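J.: Swiss-Prot lists these features:
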DOMAIN    108-391  domain 'Protein kinase'
MOD_RES   T97  phosphothreonine
MOD_RES   T267  phosphothreonine
MOD_RES   T272  phosphothreonine
SIGNAL    1-22  signal peptide
TOPO_DOM  23-29  topological domain 'Extracellular'
TOPO_DOM  51-433  topological domain 'Cytoplasmic'
Amino acid sequence: MKLQHVVYLVAIFFVVAIFVIACIEENKYLVWIMIILANTTNILSLVRSISYIKNIRKHQKDTKIQRQLFFEKNGGGMLIERLSGAGSSNIDFKIFTEEDMKEATNGYDVSRILGQGGQWTVYKGILPDNSIVAIKKTRLGDNNQVEQFINEVLVLSQINHRNVVKLLGCCLETEVPLLVYEFITGGSLFDHLHGSMFVSSLTWEHRLEIAIEVAGAIAYLHSGASIPIIHRDIKTENILLDENLTAKVADFGASKLKPMDKEQLTTMVQGTLGYLDPEYYTTWLLNEKSDVYSFGVVLMELISGQKALCFERPETSKHLVSYFVLATKENRLHEIIDDQVLNEENQREIHEAARVAVECTRLKGEERPRMIEVAAELETLRAKTTKHNWLDQYPEENVHLLGSNIVSAQGHTSSRGYDNNKNVARFDIEAGR
């Protein structure tokens with residue numbers, strides 16, 4: 001107990017005691033002493049109140065100073081300057097206060113935690129307008145990375161693609177920066193394929209659509225963003241699905257901006273085992289083809305329903321890529337295709353998708369296709385699937401509406417149709433801007 005509290009209690013005791021004695025003895029001197037002590041008690045109460053208010057104001061001042069220091073350390077001044085220079089009126093991006101984040105997460109309550117990793121924690125946040133967001137608490141490696149962090153925040157804030165999780169804003173008044181993203185309700189693709197909470201009901205049509213959406217999003221990052229972005233950690237855990245199973249590429253914590261005048265970057269290896277480009281792993285040279293490799297692994301997961309890396313599987317099949325490629329070469333792909341999706345009608349489409357996956361995971365990056373080419377091939381595959389389904393349903397309309405010169409005897413579209421679908425894929429990428 002503090003000294004001022006002790007003095008206060010003692011004073012009250014003496015006032016009460018003297019009052020009792022004065023009443024008994026009818027001593028006017030004691031009454032005066034009581035009055036003096038009572039006033040002293042009031043003065044002590046006043047001093048105590050003033051001290052309390054002073055401490056509150058000091059704490060508020062210290063907190064304000066601390067927030068300002070964090071804001072500057074995390075690059076707040078630089079961000080405001082860059083936003084002004086970029087024309088912030090065209091960027092839908094908000095800088096939140098620490099108080100905003102505390103209220104949104106109910107004081108960072110553990111019940112609000114959506115997920116955790118070695119470098120981050122994601123909270124569910126509710127903003128004053130009742131909109132739900134995902135708040136990611138991350139950390140900077142050192143102060144030398146501040147400018148790079150701000151650059152990436154600026155670039156990501158300008159991405160407005162329907163298949164990329166939208167960065168809504170950030171908070172820099174905390175010890176570590178907080179990033180605020182749109183909230184996606186349906187869990188990750190990993191959850192749907194492998195998680196115990198989901199009984200996977202993803203049909204082949206769903207999986208192909210997800211692959212097309214993810215491929216289009218990555219192609220946009222590589223070719224459509226103001227500065228090419230290499231995601232560097234494409235995996236099923238970083239692909240979120242909304243209530244309509246629309247795919248959203250998420251988690252840009254490992255992403256790198258690639259200057260227009262550079263073919264590749266020399267950087268410390270970062271990524272996830274099972275999805276990590278072996279060429280990047282051995283050379284430390286990063287370019288867009290590393291994302292192509294990772295996407296190929298995701299496509300293999302969609303086809304097989306198996307994890308990218310699983311030590312519970314036999315030695316020959318621990319790594320999905322090597323297992324998948326070998327099965328393809330030995331013409332036994334049917335052994336690893338997910339039983340939930342394979343049927344007589346979609347065998348050709350699944351095998352075509354498997355071929356694309358194998359091409360994406362070639363050891364040499366130069367032998368892999370670009371993501372814009374992958375997106376175009378998958379779009380073409382969907383067009384073929386749609387056309388086959390339509391022809392099966394309305395065979396009598398084939399000659400009248402399509403013309404015999406458009407569809408071959410095997411049901412494949414002509415080269416003209418392929419080019420048209422490439423244009424569709426390019427249009428989708430452009431439309432994401």
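Don't overthink the numbers, they just go from 1 along the chain as shown.
Each Cβ is built from the backbone N, Cα and C atoms, and glycine gets one as well.
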J.: Taking 10 A as the limit, how many CB atoms besides its own sit near the CB of T272 (phosphothreonine)?
T.: 18
J.: Mean pLDDT over the domain 'Protein kinase' (108-391): what is the value?
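T.: Taking every residue in the domain 'Protein kinase' (108-391) and averaging pLDDT yields 90.
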J.: Could you measure between T272 (phosphothreonine) and T97 (phosphothreonine) for me? Cα positions, answer in whole angstrom.
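T.: Cα to Cα, T272 (phosphothreonine) and T97 (phosphothreonine) are separated by 33 Å.
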J.: Including all protein chains displayed, how many Cβ atoms other than that of T97 (phosphothreonine) lie within 10 Å of its Cβ?
T.: 14
J.: Cα-Cα, whole number of Å: T267 (phosphothreonine) versus T97 (phosphothreonine)?
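T.: So the alpha carbons of T267 (phosphothreonine) and T97 (phosphothreonine) sit roughly 33 Å from each other.
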J.: Can you count the other CB atoms that lie within 10 A of the CB of T267 (phosphothreonine)?
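T.: The answer is 14.
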